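Positions annotated as active site, proton donor by TrEMBL: 210. Annotation comment: TrEMBL describes 404 as active site, proton acceptor. Residues or ranges marked as substrate binding site in TrEMBL: 77, 117, 125, 319, 324, 366, 405, 406, 444.
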């Protein structure tokens, strides 16, 4: 079955799919083509580190509140550190099964994240869920299984991609561990998959579940807007780089030693400064290798996920981080340390989108709520242009794009920005809009969100995402059907992936949404002004 386009601009629609939009007769049918489903992230610790569904009666009450607000579904982290905590291949899905059944009982759909990272040490991490103890014990004797910076600091948040294919874990490689976990998930949740409770399986591919390197860890002292550090100095990645450099004919080339420290500014370093190393042949070789490793990592694990969930009525997804600071600097320093080789003359995101396209995977992007005017000038931040670039890259590669806010917001300004990005050229009252995101996930369910004034404005936001229509339980009616997952297409040669680095102008976005939430100047408006004031103080 052909997939339904989320973008039907003249440039995109010609080859996005063979799907033919049915004849739309009524005004409601035409407006439904503009409907964007809304999901809400559940609390990070909804299942405790001891693998217990905490306070199910309270969770049920909150889920029913979301359903009454016409929310389409919820998203939940399914933590590796909880499920496989007792030992290799000793899985305990009981608490998650109970949670999923509760979600089903409340009439909501579900996005499940295969969370292969640690919770704790990132912005917004309010609980601590480490990697499985047996993994950490292996790391005690071989600390190089973790990402490592130039100074030798180890990050125990996620296994280095250098061990993706190293049989260091009771005979298994890291990829085999992730694969076995997803196989067990499918087997244990088969009834709920068959019931079509799950809409997306988002595969965690790095720290915070994002396809990136852990270049800006708070637990190592990073503070915004530091440039972060490269994370490739473990012995496995170091050996891979040395081999790659030798094959290129430069055995004397080594990993960068001039890229500065976590909280430096670009101009303070030899690598990112004016006429810096990043512009030399050696620097370009390193950055290409560093970013390609990340793409290969995502490609390999998504290929396994596709095999596992083949035939299920579910979509795969992968998250890309919204690294908006230093975006207006010539070096794009923090993007580079994170593995996104994105410069003014090189698109670092479209190759990722092209890789995702072979697996029919959704590109999930963050920082949809942010405006340039809310950021400090010294950070040279441009979240609006970054969002525009990344979403355009996804649409050009003919894949679905989804997204979320990076920080909790309860004000009309943030909601209006998300509405604009969901339909960048507004509503089309005669059928599908020119551009449309496939879904928005709101971060996050909390007592603050459910506070009366905040929840009132949130419900307006949901209504506007639904194009002023009532909740629609059938995605086919808004041209976003969930079809049986097809087998991944053939592997894309690296040369073809790199062709996508050629920069192109992003699709034009309207300056404001045409589905704006009315800000009545009341408490929600006051809260929005207060939040923006706090942002300006802390320069986030």
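Each residue, glycine too, has its Cβ placed from N, Cα and C.
Positions of the features from TrEMBL, shown on the structure.
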{"residue": "77", "record": "substrate binding site", "Cβ neighbours (10 Å)": "24"}
{"residue": "210", "record": "active site, proton donor", "Cβ neighbours (10 Å)": "24"}
{"residue": "324", "record": "substrate binding site", "Cβ neighbours (10 Å)": "25"}
{"residue": "404", "record": "active site, proton acceptor", "Cβ neighbours (10 Å)": "23"}
{"residue": "405", "record": "substrate binding site", "Cβ neighbours (10 Å)": "22"}
{"residue": "444", "record": "substrate binding site", "Cβ neighbours (10 Å)": "20"}
Pairwise Cα distance for residue 404 (active site, proton acceptor)/residue 77 (substrate binding site) [Å, integer]: 15
C-alpha spacing of the residue listed as 'active site, proton donor' relative to residue 444 (substrate binding site), in angstrom: 17
Distance, residue 210 (active site, proton donor) to residue 77 (substrate binding site) (CA atoms, angstrom): 12
